[in-house]
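Report on the structure given below.
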Amino acid sequence: LFWLSLNAWFFWKTFLLYYQGQQYYYLHQMLGLGLCVSRASASVLNLNCCLVLLPMCRVLLAFLRGSQKVASRKTRRLLDKSKTFHVTCGVTICFFSVLHVAAHLVNAFNFSENYNEDFLSLNAANYRGEDPRKLLFATVPGLTGVIMVLVLFLMCTASTYAIRVSNYDIFWYTHNLFFVFYMLLMLHVSGGVLKYQTNLEEHPPGCFNPNKTLRDNMTVPKAFEESFPDYTIEPFPEDLSVPDPFVQNNFMRICSKEPKFQSHFPETWFWISGPLCLYCVERLYRYIRSNKPVTITSVISHPSNVLEVRMIKDNFKARPGQYVILHCPRVSALESHPFTLTMCPTDTKATFGVHLKVVGDWTERFRDLLLLHSNQDTEILPIFQQRRYPKLYVDGPFGSPFEESLNYEVSLCVAGGIGVTPFASILNTLLDGWKCYKLRRLYFIWVCRDIESFRWFADLLCALHNKLWQENRPDYINIQLYLSQTDGIQKIIGEKYQALNSRLLIGRPRWKVLFDEIAKCNRRKTIGVFCCGPNKISKTLHKLSNSSNSYGARFEYNKESFS
């Protein structure tokens, strides 16, 4: 709401500038409010087209999040809103684009109907009554504007949640049309259709030129037959009838020079050149960094259509909670997808890994290539069979809100289904050693629909549980597993999972009771709440985090979204 209000304020201020500005007097007489609306909306579009790229500079955001330059946790949490800010800028661009187009349709009609022979350079039309469609389709600003509207329409419609979920490929390909949009935008502003007056001192708006205006259109009174200086301001005789356009506050403004008009320098270049160059430089850096393929060490097929890929890459470093972008040319030459790291490299091992759920065309083709020679549910292929794997490129790592989970004294981590992946890397890190982190108590809640899903990380949870018991810190982690859909009481198969079977609950968590228990056990402490799962769970946790409690505990909400 703050950003939308700021844009509305910016629009109104720019509107008043063009409505009251004397340099736009003659253009305003020709176009009316269409001039003010089109220019004000263009200013808002410049601002948002400038800022919409910054949240997509992922390397920059990861650097700011991990550097000491942003020491405040509140400031770092603002970086987690980058996607929300990107979407807000996109919606703002769509809204003000509609307003901008509507204003220019009115301007095209007014240019045609209000053609002024006195100010030929001010006219965009060639003659009175010219077809306004020629201004839209036969000029550079008009034609580029029409194409930009089509590109923006494709990008907006393909960005809806329904299309992203049903066919992510359409969203990905259409969203990359942003480069075409920006190229057209730079051409669009080079037309110089709207002009302003440059010689206000020699020709104040509303003055009359006795050498031309009065001689051509009226009989010059004897009082004005003598020569005039270049520019004078004199009281008009009270007994003389003067046409209204030449009277302002009982004074007649007289000039001898015609108005001169000039096109605006395209300000859009100032707005978008910096962020666009920054984004292009970052993409080049990311391309160079990810140009070498990784070495796939093993591939594991887990229950419920989940695939685990373990890899090695030289000089690859990552923090728990971060994610990478995978690109497999044999699957798609241009398409790539983000996946959260479930295993990070450490000082003792260089292996890192991801878990991906097979739910779309890209993941299906990727799974078929990796498990091409396997008919088993689970297979770990030795490294000497590396030649069977397709080339895989890894871009990243990039930051996410879950990096903060180890920076709280108490953290509540809630996962829904495959949303457990960000927390897997955190659990793996704690398994290697937990004493070096600020975290002293972790509440881990995992909700799944089927019992087999818990086997994705059952070994990891049991290993961490046993390690903490051996170190006499069983209260360090509180594990609660919820099976939301079942016909009866079930158990995770295997004797080694007894520790998890005792923590397996049937049904859904009672979130209010859970928050009250955590607040009671951690009085007057700040508790980090981290959620990766369905929006319904996310909204509930967000609401409870903002609610007050009688124990003085404060919950800070953080969220990762599937979409």
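Cβ coordinates are placed from backbone N, Cα and C, and glycine is handled just like the others.
Annotated domain 'FAD-binding FR-type' per TrEMBL: 289-404, in sequence order. Across the domain 'FAD-binding FR-type' (289-404), DSSP classifies residues as 21 helix, 39 strand, 56 coil.
Marked as transmembrane segment by TrEMBL: 40-64 (among others).
Annotation source TrEMBL lists transmembrane segment at 85-106 (among others). Nonlocal intrachain contacts for the transmembrane segment (85-106), taken as residues 6+ away from its ends with a CB within less than 8 angstroms of a stretch CB, comprise 3-4, 7, 11, 31-32, 34, 37-38, 41-42, 44-45, 48-49, 51-52, 55-56, 132, 136, 145, 148-149, 152, 155-156, 159.
Listed by sequence, the residues of this chain that lie at least six past the ends of the transmembrane segment (135-158) yet keep a Cβ under 8 A from its Cβ atoms are 90, 93-94, 97, 101, 104-105, 108, 111-112, 124-125, 164, 170-171, 174-175, 177-178, 180-181, 184-185, 187-191, 193. TrEMBL lists 135-158 (among others) with the feature transmembrane segment.
Per TrEMBL, transmembrane segment is recorded for 170-189 (among others).
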Mean predicted confidence [pLDDT] for the domain 'FAD-binding FR-type' (289-404): 82
